[in-house]
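Before any comments, here is the structure.
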Amino acid sequence: MAFTSGPTSPALEPLIGGEDAGIKVDILPVTLATSNGQIHYFEQEMDTPARRNRTPSVWFTGTTRQILAGMSASLSAFSVGQTFGWSSPVLDLLTSDESPVPMTDDQSSWVVASVEFGCWSIPFFAGMLADQIGRKWTLMTTGPLYALSWAIAIYSRSVWGLYTFRIIQGLCVATVFVVCPLFLGEISETKIRGAVGTLFQISLYLGILYTYILGELLSYQDYQIANLLVAILFMITFMLVPETPCYYIKKGRDKDALKTFQWYRAGRDEKDILEEFEQAKETIQNDNRAGTNSTLLSVVTDRTNLKCILLLQGLLVFRTFVHVQTIMAYASTTFGKGETFISPNYISMLYAAVLMLSNLPATYLVDKAGRKILIVISTAGCSVFSFLSFGYYFAHEHLQLDLPIVCSYINFVSICMIGVFFSLGIGPLYSPLCCEYFPSNTRAKSSALMSFSGTTLQMIDYKLFYFMYMTWGMYSNFLLAGIISAAGLVWCSIYIVETKGKSFAEIQAMFAADQAKKDEKNERNKDVRSEASSVL
């Protein structure tokens, strides 16, 4: 790269230091001439005595800004947790004689399930919208929609109003699952990308815990108002967060991309920022050349992309049929089938707290130990403790043994440990891998496809869990979870691709090289078969 001064540089608002940091500086227009001959403009402070004698000042460092932006974006995942946990504390009230919205048991089940109609209908549109108007503004649309849904819940006194409220929330859930992981991955630098990605799962569990606690403490009306406040907080804070640099580069808005890089990398050397900008631009241009007019069909027919889909699909199967999300939905039933030492509702709160807190080790370890080793340990732990809970329920339900009360403690700890190991790997690491595996030109569409698949699998697990419980007993669900987790241990050990410390460009180069080796091997085998047939 060559750096030369140029009087024709467009004015870019200084985002690092400068007047925003309370320091008046002189700005020198500078032109960046890159190796490919393209010209980019940025602004650099003049080499003055004042500049040489001061330490650069920023409101927050780039790492802090990435984490704060990630926390703001993850408030949308917090709202998803509210959606998942909303029904648990109020379902008994809604079907009672004192219900603020009178309904039958069958209608209450549809209130719970109707969220899935919204989840199924929107993922592909959300992916398309993320590519058209940006990750930020697509995710931002969930704020007003969530606020509208909670307003409906506050004022509605009909079951159809609650159906509408839940369907709107389903639209938001699918949009968040498609877009939020993209946003978190694209704003993060390589060294903390995994940690920032785990904010999604932590926030989701915080949202569930929030509803469990406030649903027990507040009246029905105040409970809805408390949920509405989170949507308002999300809209206020996320409005202040910039778009991802990758989106601007995809749209050819290089100046905006560079400006955004400066915001997210505040405090870093200008040359390092420019180098990362150029690397990101080159990666996206290469992705676009590989598939300029990417469609949903091209996403599933491209062999490299299909491999990524299958890898993540396998991970989805294992994380779904461990039943952690389903246990949250049926917490009272699951814990109530054994001898309980406290109320099932309070056990549910404790379980949600364990899930949330157990995500923290993954946040710390993911960029140090790596993704693959955590996922392997996660599936192994889930398998061991699923079989342990299977043994308890089999003895208690099927054999009808008179077990001592200490066994119920052991079973509760066992189910919590399933959640702990789930939260160490296969739970929180799916989201960052979903962003890392796919190239920029298919990332949004691929995420939409995975969101649709995840919704379908989760709905199947909801139904299967209850069917197996009613047909054979609770032990059958934990037997299935143990078998699935054991299979996941073997599968993940062989096939999951490590991405720790790798840039998006390096990850795609790794997948491309692997595909090239397979193509070369297939070509050699084809030649050998041709020679053999010609001899015969």
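Using the three backbone atoms N, Cα and C, a Cβ is placed for every residue, glycine included.
The compositional bias 'Basic and acidic residues' annotation in TrEMBL covers 517-530. Taken from TrEMBL, the feature domain 'Major facilitator superfamily (MFS) profile' covers 65-500. Annotated region 'Disordered' per TrEMBL: 517-536, in sequence order. The annotation transmembrane segment is assigned in TrEMBL to 108-130, 137-156, 162-184, 196-213, 225-249, 308-331, 346-366, 373-395, 401-427, 448-469, 475-497.
Taking pairs at least six residues apart, the transmembrane segment (108-130) and the transmembrane segment (196-213) share fewer than three Cβ pairs below 8 Å and do not count as touching. Only pairs six or more apart in sequence are counted, and the transmembrane segment (308-331) with the transmembrane segment (137-156) gives fewer than three Cβ pairs under 8 Å, not enough to call it a contact. Broken down by DSSP into helix, strand and coil, the compositional bias 'Basic and acidic residues' (517-530) contains 14 helix, 0 strand, 0 coil.
The stretch from 196-213, 225-249, 346-366, 475-497 with the most CB pairs below 8 A to the transmembrane segment (162-184) is 196-213.
Counting C-beta pairs under 8 angstroms (sequence separation of 6 or more), the transmembrane segment (225-249) fails to reach the transmembrane segment (401-427), with fewer than 3 such pairs.
Of the candidate ranges 137-156, 196-213, 373-395, 401-427, 475-497, 475-497 contributes the most Cβ pairs within a distance under 8 Å of the transmembrane segment (448-469).
The stretches the transmembrane segment (475-497) and the transmembrane segment (373-395) are in mutual contact, each linked to the other by at least three Cβ pairs under 8 Å (pairs 6 or more apart in sequence). Against the transmembrane segment (346-366), the recorded stretches 137-156, 196-213, 373-395, 401-427 differ in Cβ pairs under 8 Å, and the greatest number is found for 196-213.
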